[in-house]
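Take a look at the structure set out below.
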Amino acid sequence: METDTLLLWVLLLWVPGSTGNIVLTQSPASLAVSLGQRATISCRASESVDSYGNSFMHWYQQKPGQPPKLLIYLASNLESGVPARFSGSGSRTDFTLTIDPVEADDAATYYCQQNNEDPWTFGGGTKLEIK
């Protein structure tokens, strides 16, 4: 490989966004919602998680001492057994989890996760408190 070509590849590896992990940023970090009201959680990806006509974004609920539970897969599909109060939407880089109406049992931490690119990555979590 010529020196110029090698140098170009090295520089490309250093350009932010040209390679590396997809970063998922959730907001808010925490929220308190009154019983019966709507909770909305956002997840923004540092690059698109869409491929082959699907959005490879998923949502999980985790309660203390328990493993994460899958709620929504491929952005908007409700996992079997999950109440229809939970819904997901979005595409490319912007996604939303909605819980409407909120019930007392929904108090938990919620995570978005992408598996469009390796390594699979998770958002930082949103802690939901029910008032």
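Placement of Cβ uses the backbone N, Cα and C atoms for every residue, glycine included.
Listed in Swiss-Prot:
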SIGNAL    1-20  signal peptide
REGION    21-43  region 'Framework-1'
DISULFID  Cys43-Cys112  disulfide bond
REGION    44-58  region 'Complementarity-determining-1'
REGION    59-73  region 'Framework-2'
REGION    74-80  region 'Complementarity-determining-2'
REGION    122-131  region 'Framework-4'
Query raised in the report: Between the region 'Complementarity-determining-1' (44-58) and the region 'Framework-4' (122-131), do 3 or more CB pairs sit under 8 angstroms, pairs being 6 or more residues apart?
Result: no
Query raised in the report: In the region 'Complementarity-determining-2' (74-80), how many residues does DSSP put in helix, strand and coil?
Result: 0 helix, 2 strand, 5 coil
Query raised in the report: Same chain, outside the region 'Framework-1' (21-43) by at least 6, Cβ under 8 Å from its Cβ: which residues?
Result: 49, 57, 59, 90, 94-104, 106, 110-114, 116-117, 119, 121-131
Report task. Could you tell me which three-state DSSP class Cys43 (disulfide bond) falls into? Result -> strand
**Report entry** DSSP residue counts for the region 'Framework-2' (59-73), split into helix, strand and coil
**Finding:** 0 helix, 9 strand, 6 coil
